[in-house]
Amino acid sequence: MGHSFPFRVISDPAFNKGTAFSIEERDRYGLHGLLPPHIESLDEQVQRVYEAYQRKDDDLERHIYLRALQDTNEVLFYRLLLEHIEEMLPMVYTPVVGQACQLFSHIYRRPRGLFISYPMRDSIGSLLRSRPYPDVDVIVVTDGERILGIGDQGAGGLGIPIGKLSLYTLIGGIRPERTLPIVLDVGTNNAERLKDPEYVGWRHERISGQAYFDFIDQFVKAVQQELPQVCLQWEDFATPHARPILERYANKLLTFNDDIQGTAAVALGAVMGAVGVTGKPLREQQIVFLGAGSAAVGVDDYLRAALVQDRLSEVEARQRFWMVDKDGLLHSDRHDLSPEQQVYVQDSAKLANWPKTAHGAIGLADVIQQVNATILIGLSTVGGAFTEPIIREMAGKVDRPVILPLSNPTSRSEACPEDLLRWTNGRALVATGSPYAPVVWEGRTIPIAQCNNVFIFPAVGLGVVASKATRVTDGMMLAAARALGEHSPALKDPAGSLLPPLSEVRSVARAIAEAVGMEAQRAGVTPLTTRTELAARVQASQWLPEYGPVAD
Ligand SMILES: NC(=O)C1=CN([C@@H]2O[C@H](COP(=O)(O)OP(=O)(O)OC[C@H]3O[C@@H](n4cnc5c(N)ncnc54)[C@H](O)[C@@H]3O)[C@@H](O)[C@H]2O)C=CC1
Ligand SMILES: CC(=O)C(=O)O
Ligand SMILES: [Mg+2]
């Protein structure tokens, strides 16, 4: 009896302060002897853990170290991250989190989040009741099928919700104990995982068809029962599931799909910055995509809304999109397209004289040859797909080509910024999905913006929590995009980055959260307040990692 509580307080990462427990706390919780006698400040602890971090000599080891720190002392973990955000974001998020998902079973240490596997489908409520902390603001859930651009990782996909929720806390200030990562383990079709003796997931091929959607329904019902106020974010589902799930629940729950809506909002924000630099209004742009999956179609939908707002008709707006997928350009004679993709087909009659492959497909190089593309966006998972001839051709027809290779992780990026700047004589406006170092071009240092939904989802979470919204509408995501676009450094300085630096991401998140909250009020999905009151709530809701009293 005597030692159950002291062990709880130092073994619970949400309450542990380690060497920073004061004399009074050590007296009160019986911690003397369990801790070394010297009492450290949070700053001193940060210095010590940073030193230990710097001793790691590869990125995966850095990731493992940070995850272990997170599972030991969350305040210290978040304070360290906050002080070294540019250096450490790539370790807890893309690109290194991709590797951590692939090796999840081999680097697994301690439980975090919930594993909800298909064989336990009739006990989801009780699994949810096993969550470590009772009150939850945000769930990020994946089924592990489309992890970044590296495909099916089965249960290892849980690394993504863990990483995303770390950023909800770091950037959006959602309290760490009010976040819940979940993997819906419906099996895996990844042969390597299935034959790996150490694989920790359910060894079974993926459940599909109606059984899959019934399982999702069971999960959603259990969440509604247990956590009716929670914001449920869908992450890294394969396209055939991502869109139907979003459509089924978007109007019934506080929910959104980050890959569809978050990506769309950040891309629109970056394009607004780029349009500010080029001086050519949105309605004059021709937009070419490599990739026509759920992320790309999501971006289309928001850009199309912005084009219509910029006074193009619906029909004119649709014609500005040239979508190329693995079978070539989307056109009206193709019969393999989903209803969402059909919105963006080009009329095949117009393409009669275009060069085609033996199978009748029109590739990216041909589209770039035929169209005066001003914006090129990659959401294809194909590393290196923006080749030198393609980029030189595009750059030959436009002063400031806007080129956004957005696929993650870095190995899947359609091009690297250094090449893009070299092939365009420094003229390209570039932003990438995963982080890249600035490029030095003719003595000028060009910062490379990270066009990643990390600018959106933590801020939307903050906006939803602070405003107590009951839905996430597309209008709220578009408001987020506009607020982000207004913070583009390129609007003040044409040599600036298209999106703000990570050092400003927390303050930008507050501005976005306010815009989201105001739009939620306008849409009638949250009670009315004044802007000042909302701003104060946003400020107060954004948790900062510092030690508080220990909860008894
Ligand atoms: N920067 C960001 O914030 C985000 C980036 N992404 C990235 O976008 C990528 C795609 O995600 P989803 O749309 O969900 O995946 P998806 O699998 O639904 O879509 C991939 C698309 O690329 C096409 N494709 C594949 N191989 C191709 C080839 N050789 N040539 C032309 N097209 C090809 C496919 O036909 C499909 O249309 C992933 O790498 C992901 O990491 C996704 C969300 C956010
Ligand atoms: C960033 C992100 O959500 C993705 O690559 O899937
Ligand atoms: Mg994702």
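Just so it is clear, glycine is given a Cβ too, placed from its N, Cα and C backbone atoms.
Taken residue by residue with DSSP, Tyr93 (active site, proton donor) is part of neither helix nor strand, so it is coil. Positions annotated as active site, proton donor by TrEMBL: Tyr93 (among others).
For Lys164 (among others), the entry in TrEMBL reads active site, proton donor. Cβ neighbour count for Lys164 (active site, proton donor): 27 (other Cβ atoms within 10 Å of its Cβ, all protein chains included).
In sequence order, Thr94, Pro95, Gly98, Leu148, Gly149, Gly433, Ser434, Asn452 are the residues of the chain that are 6 or more apart from Asn408 ((S)-malate binding site) and have a CB within less than 8 Å of its CB. Annotated (S)-malate binding site per TrEMBL: Arg146, Asn408, Asn452, in sequence order.
Marked as divalent metal cation binding site by TrEMBL: Glu235, Asp236, Asp259. Taken residue by residue with DSSP, Asp259 (divalent metal cation binding site) is part of a helix. Taking the Cβ of Asp259 (divalent metal cation binding site) as reference, residues of its chain lying under 8 Å away and at least six apart in sequence are, in sequence order, Arg146, Trp234, Glu235, Asp236, Phe237, Ala242, Ser294, Ala295, Gly298, Asn453.
Per TrEMBL, domain 'Malic enzyme N-terminal' is recorded for 70-250.
Annotation source TrEMBL lists domain 'Malic enzyme NAD-binding' at 260-521.
Proximity to ligand 3 (Cβ under 6 Å from any of its atoms) holds for these recorded positions out of Lys164, Glu235, Asp236, Asp259, Asn452: Glu235, Asp236, Asp259. Each residue contributes its Cα atom, and for Lys164 (active site, proton donor) and Tyr93 (active site, proton donor) these two points are 7 Å apart.
The binding-site residues Glu235, Asp236 differ in how many other CB atoms lie within 10 Å of their CB, and the one with the most is Glu235. Within 10 Å of the C-beta of Tyr93 (active site, proton donor) there are 24 other C-beta atoms, taking all protein chains into account.
Report note: the divalent metal cation site is defined by Glu235, Asp236, Asp259, and the residues of the same chain whose CB lies within 8 Å of the CB centroid of those residues, excluding them, are Thr142, Arg146, Ile160, Trp234, Phe237, Ala242, Asn257, Asp258. For the binding site of (S)-malate, formed by Arg146, Asn408, Asn452 according to the record, the largest Cα to Cα distance is 16 Å, rounded to a whole number.
Excluding Arg146, Asn408, Asn452 themselves, the residues of that chain whose CB lies within 8 A of the CB mean position for the (S)-malate site are, in sequence, Thr94, Leu148, Gly149, Asp236, Asp259, Thr263, Ala295, Leu406, Ser407, Pro409, Gly433, Asn453.
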